[in-house]
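Colleague: When I checked Swiss-Prot for this same protein, it listed these features:
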ACT_SITE  E37  active site, proton donor/acceptor
SITE      D138  site 'Transition state stabilizer'
BINDING   C192, C199, C202, C208  [4Fe-4S] cluster binding site
Amino acid sequence: MTKYIFSQLVLNWYHKNGRKDLPWQINKTLYTVWISEIMLQQTTVKSAIPYFKKFILNFPNIKSLNDSKLDDVLYLWSGLGYYNRAKNIYKSAQIIKKKYKGIFPDQFSNIIQLPGIGRSTAGAILSLSLNFFYPILDGNVKRILVRYYGISGLLKDKKIEKKLWNIIESITPIHNTGKFNQGMMDIGASICISIKPKCTICPLKKECIAQIEKKWEKYPLKNIKKTLPQKISWFIIIKHENNFWLKKNTEQEIWKELFCFPKFKNKEEALIWLKEKKININTCENMISFFHKFSHFILHINPILIRLPYISEFFKENHKKIWYNLKNPQHIGLPRPVQKILENFKKNIF
């Protein structure tokens, strides 16, 4: 199959079946496509849609982002995970204001210098918003290429990645680049999926090596799954009426800049902290433990509830410590486990 036929098959499929009504495809701009592409780096389209709508409603442009606080951005990102993405958006908005007078740049060399943006994301932003000729190589596109060309190897292998870039550069059409890129992403997301691909309806099936061999599972090679390490954390839930004591996390490992319950590596540390705050440890209530899965470890969370009859001098608010009100919540970023606990209190589970 020639490069032209490959791209034409993808374009024909896109015109008939491609996604054309996603929120970021309507009245699209460099800004809206940028936000969507950052969200989609680690998130499915289905999960990203409500967050995107809410984000654009609150931050319709670069200026509104610059006029906000990081806490406001993290608040709207809460629950989506991978919070560095939100921080990078906020940092980028400040850079764009300073270097480009608040206008999102339309030069590849400028876009790729923004935090959290690599070659593929920069190409996606320019091709999808302005139809500029820039190939993309996200996870969906990589999967299509290794199966179609029968390329054996790990996707993280730099030699494999270089080979895939050479291929996608050669088959991406100069005209209709945006539609081709969207078509490739859509085929990867809906047909050439990781498990049990729908090869019978794929527009590229006739010359796809994986389909001819009937061995789609061979491509790409999978990393040997490692058992994720287990970690334990103790949350101290300080509650006064409808208010909960939260502090901004400063640790580098997880949830930096998000507001959390006081957390400790073991129960002994937690009890020492309570004694320092003159809290009777006999009033502690053990809540139901649960776990939260990260990409690199599993965190077992043991919450301990303390109901305060009054607010003591140890719990005074400042910009890093607040009483979070369940009925009138402040606009701050919350990790998903903290959200989960607060939601359960809202439902009167505890």
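Every residue, even glycine, has its Cβ placed from backbone N, Cα and C.
What's the neighbourhood like for these features in this structure?
Modeller: There are 23 other CB atoms within 10 A of the CB of E37 (active site, proton donor/acceptor), with all protein chains counted.
In this structure, D138 (site 'Transition state stabilizer') belongs to neither helix nor strand by DSSP; it is coil.
Of all the Cβ atoms in the protein chains shown, 21 others lie within 10 Å of the Cβ of C202 ([4Fe-4S] cluster binding site).
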Colleague: On a count of neighbouring CB atoms within 10 A, which of the binding-site residues C192, C199, C208 is highest?
Modeller: C192
Colleague: Could you state the whole-number distance in Å separating the C-alpha atoms of D138 (site 'Transition state stabilizer') and E37 (active site, proton donor/acceptor)?
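Modeller: Here the two Cα atoms are 11 Å apart.
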Colleague: How big is the gap, in Å, between the Cα of C208 ([4Fe-4S] cluster binding site) and that of E37 (active site, proton donor/acceptor), rounded to a whole number?
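Modeller: Rounded to a whole number, the Cα-Cα distance is 28 Å.
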Colleague: Between E37 (active site, proton donor/acceptor) and C192 ([4Fe-4S] cluster binding site), how far is it from one CA atom to the other, in Å?
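Modeller: The Cα atom of E37 (active site, proton donor/acceptor) is 20 Å away from the Cα atom of C192 ([4Fe-4S] cluster binding site).
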Colleague: Would you count the other CB atoms within 10 A of the CB of D138 (site 'Transition state stabilizer'), including those on all shown protein chains?
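Modeller: So the Cβ neighbour count for D138 (site 'Transition state stabilizer') comes to 20.
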Colleague: Using the recorded [4Fe-4S] cluster site (C192, C199, C202, C208) as reference, state which further residues of the same chain have their Cβ within 8 Å of the centre of those residues' Cβ atoms, listed in sequence order.
Modeller: I144, R147, Y148, I187, I191, P197, K198, L204, K205, A210, Q211, W216
